[in-house]
Amino acid sequence: MIDWITSQGHDIFGMYWTPLWILIRAVLIVVPVLLCVAYLILWERKLIGWMHVRIGPNRVGPLGLLQPIADVLKLLLKEVMFPSQINRGMYLVAPLMVLMPAVAVWAVIPFQAEVVMADINAGLLYVMAISSVGVYGVILAGWASNSKYAFIGAMRAAAQMVSYEIAMGFALVTVLMVSGSLNLSHIVNAQNTGYFANMGLNLLSWNWLPLLPMFGVYFISGVAETNRHPFDVVEGESEIVAGHMIEYSGMTFALFFLAEYINMIIISTMTSLMFLGGWAPPFSSALTNAIPGFFWLVIKVFLLLSVFIWIRASFPRYRYDQIMRLGWKIFIPLTVAWLIIVAIWIKSPWNIWH
């Protein structure tokens, strides 16, 4: 289908087709991601409401389904305030520095077999590199706002993200070791081969089972990387109000929230691709194999996003020193130890991967 569209496009548009096709694919990715963010916020409010024995948003549209549109209109119509002592240029650049890396990551994320904007061999490395840039926007926002609260939040963000990126990096290195590739599609395909996969038990063939500690470390570190509860000391409401976002309003404020929720979806998607078999069904049969792979990936991402929300509703915020201790004294030693175990496992006669 894609090959047919490409050939027809070349025939109709000639030399202009290549940039036009890139633009079309970008729009086809970005627009659904933005819609997912809008309704992820609604799902979060609904789910937390049910956990609190409340109904949640139900006034705008049937069952509250138009609430995200009302929220967007409210933020669009709000005035963007500029405090007098800010560095105006840096102040405006900071939200874009947080948002753009979150959007750029989607260029290499496959949605099912051969459905990816750029199927590059260094896809995993690209995701790790691009996703680490967003913290500079947070630091810039804290500095440019010329506010003590904002600056404290920015410094917390810098320390927290550096701490947990190391553990996340080691977790992804083990995935690289067992799959033998940096290509995200190849990593997914590598999980769906072997003894259990041949029996139709794909669920037991995925990386979550042999790499269980890394699976837990990666997902929990992802919660910390996105500054979500209980790791949200960067914007701890009871301490520093909104942290690095305290001097922002209107759409500039909304861009930070947009980036946060896009990053939540990215972490859930990457966890699904790295550890949960990506677009593969949990059990292989004529019925499950007939269902498009994109459907299975969406289900896995949705369940992981619901875990994000469940964690927010269930756990109190950690102290800053507890967050640092978890990252440096527990996660990093654990990932290094499991990295060594996996390396020995791969070289042993009991190697289950190659």
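Cβ atoms here come from the backbone N, Cα and C positions, even for glycine.
Keep in mind it's a predicted model, so treat the numbers as computed, not measured.
Per Swiss-Prot, transmembrane segment is recorded for 22-42 (among others).
With a cut-off of 8 Å between Cβ atoms, the residues of this chain six or more beyond the transmembrane segment (91-111) that come close are 26, 29-30, 33, 82, 117-120, 123, 126-127, 130-131, 133-134, 136-138, 140-141, 144-145, 184-185, 188, 244, 247-248, 252, 255-256, 258-259, 262-263, 266, 269-270, 273, 278-279, 293-294, 297. The transmembrane segment annotation in Swiss-Prot covers 91-111 (among others).
Sequence-distant contacts of the transmembrane segment (124-144), counting only residues of its own chain at least 6 positions beyond either end whose CB sits under 8 Å from a CB of the stretch, comprise 86-87, 89-91, 93-99, 101-102, 104-105, 107-109, 150-155, 157-158, 161-162, 165, 168-169, 172, 175-176, 182-184, 187, 225, 234, 243-245, 248, 256, 259, 263, 266, 270. Per Swiss-Prot, transmembrane segment is recorded for 124-144 (among others).
When Cβ-Cβ distances below 8 Å are used as the criterion, the transmembrane segment (162-182) is approached by residues 121-125, 128, 132, 135, 190-191, 207, 210-211, 214-215, 217-218, 221-222, 224-225, 274-275, 323-324, 327-328, 331-332, 334-336, 338-339, 342-343, 346, 353-354 of the same chain, each at least six residues removed from its ends. The transmembrane segment feature in Swiss-Prot is assigned to 162-182 (among others).
Summarising the annotation, Swiss-Prot assigns transmembrane segment to 203-223 (among others). Packing against the transmembrane segment (203-223) from elsewhere in the chain are residues 164-165, 167-168, 170-172, 174-175, 178-179, 191-197, 231, 267-268, 270-271, 274-277, 280, 282-283, 304, 307-308, 311, 327, 331, 334-335, 338, 342, 345, 352: each is 6 or more residues past its ends and has a CB under 8 Å from a CB in it.
Residues or ranges marked as transmembrane segment in Swiss-Prot (evidence: sequence analysis): 250-270 (among others). Within the chain, the transmembrane segment (250-270) has long-range Cβ neighbours (under 8 A, six or more residues past its boundaries) at 33-34, 36-37, 40-41, 72, 75-76, 78-81, 91-92, 95-96, 98-99, 102-103, 105-106, 109, 127, 131, 134, 137, 141, 219, 222-223, 225-228, 244, 297, 300-301, 304-305, 308.
Marked as transmembrane segment by Swiss-Prot on the basis of sequence analysis: 291-311 (among others).
Taken from Swiss-Prot, the feature transmembrane segment applies to 326-346 (among others).
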